[in-house]
């Protein structure tokens, strides 16, 4: 009998402003994208990426308004919309639309044994007093397992990228918690972003078997950076109270030419792991990728973080000493430039704030390629 499998499609679309959904609207009109198949939308918006970056919520509302014309309200809510603020340097604002379709493979032999697989999940609302603590780690771990199940991925070793959009604390949320007689992990709203990202990343590590729950405690979150996930990418935002999770990996139950692999940068200029991942995906070329090879790259997804040591390869950096510009903004620009030099384009999904996401000062890089 013919076999019905799922096939992933990835569309990288430009954005002229945080509310610009014209490219997505055109793709839907032309039939290139089926709204019913959208699993997740990741976007880089041109805000500051900090607590008061409302470009993320602006972009989400614009996407919801567009998709609401094609889908029921609950169907729109199920789409993971993860906006990452900050396009410092020459990083280009863009969105990446992840779509899944069912296809009938017929009786012909499959071109590839395994293909890109996508899954998503949402967690319950996280109480403010649980943010940055072990309760958040546990909640995210459960959410990642649910997203893996949605993707049909049973082996955590087949997962190459986990994107988590996590909440942060505002003074209003902190005061509401204190009015209930509880205290939050931190009272600094900007620091709360780091604690939320860090706890979420450790939740990914637990779900993927990189760490065990009994190895962790509240005191190690955002203090012991020797504990991390090599496949987590977490972004904080004011626009949600729960977690939106997308898992990307490889599965024999999916078909199509798309494949994903990842590497882990050991510091902000360590591009060789990304080059090695490209080689494993069939793009083993010296220097910057030539135009023909660039055309096969569906997405580049990376994390960036200023090293807590204050140094890059034993030479001092000033990213942590700048009182005017957050270190996450410096790191995005710096790592974005390093990766753009390798890939040859600037619409890279480089997200700042890599607490417990790769080694201190480094971070994971996932690459999705169309195989031939």
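Cβ atoms are placed via backbone N, Cα and C, with glycine included.
Marked as active site by Swiss-Prot: 165. Taken residue by residue with DSSP, residue 165 (active site) is part of a strand. The Cβ neighbour count for residue 165 (active site), using a 10 Å radius over every protein chain in view, is 28.
Here residue 235 (active site, nucleophile) comes close to 82, 83, 84, 163, 164, 165, 166, 197, 351, 353: these same-chain residues lie at least six apart in sequence, with C-beta atoms under 8 angstroms from its C-beta. According to Swiss-Prot, the feature active site, nucleophile maps to 235, an assignment based on sequence analysis.
According to DSSP, residue 352 (substrate binding site) sits within a strand segment. Among the features that Swiss-Prot reports, substrate binding site is placed at 56, 84, 85, 197, 235, 236, 332, 351, 352.
The feature Mg(2+) binding site is assigned by Swiss-Prot to 305, 354, 357, 358, 359, 362. Secondary structure at residue 362 (Mg(2+) binding site), taken from DSSP and collapsed to helix, strand or coil, is coil. Here the Cβ of residue 362 (Mg(2+) binding site) has 24 other Cβ atoms within 10 Å, regardless of which shown protein chain they belong to.
Annotated region 'RU A' per Swiss-Prot: 1-105, in sequence order.
According to Swiss-Prot, the feature region 'RU B' maps to 115-252, an assignment based on sequence analysis.
The annotation region 'RU C' is assigned in Swiss-Prot to 258-372 on the grounds of sequence analysis.
Cβ neighbour count for residue 328 (site 'Important for substrate specificity'): 26 (other Cβ atoms within 10 Å of its Cβ, all protein chains included). DSSP assigns residue 328 (site 'Important for substrate specificity') to a helix. The site 'Important for substrate specificity' feature in Swiss-Prot is assigned to 328; the stated evidence is sequence analysis.
Reduced to three states, the DSSP call for residue 357 (Mg(2+) binding site) is strand.
There are 19 other CB atoms within 10 A of the CB of residue 359 (Mg(2+) binding site), with all protein chains counted. Geometry remark: residue 358 (Mg(2+) binding site) versus residue 352 (substrate binding site), CA distance 12 Å. The 10 Å shell around the Cβ of residue 56 (substrate binding site) contains 27 further Cβ atoms across the protein chains shown. Excluding 305, 354, 357, 358, 359, 362, which define the Mg(2+) site, the same chain contributes 228, 264, 265, 303, 304, 356, 360, 361, 363, 364 within 8 Å (Cβ to the Cβ centroid), listed in sequence order.
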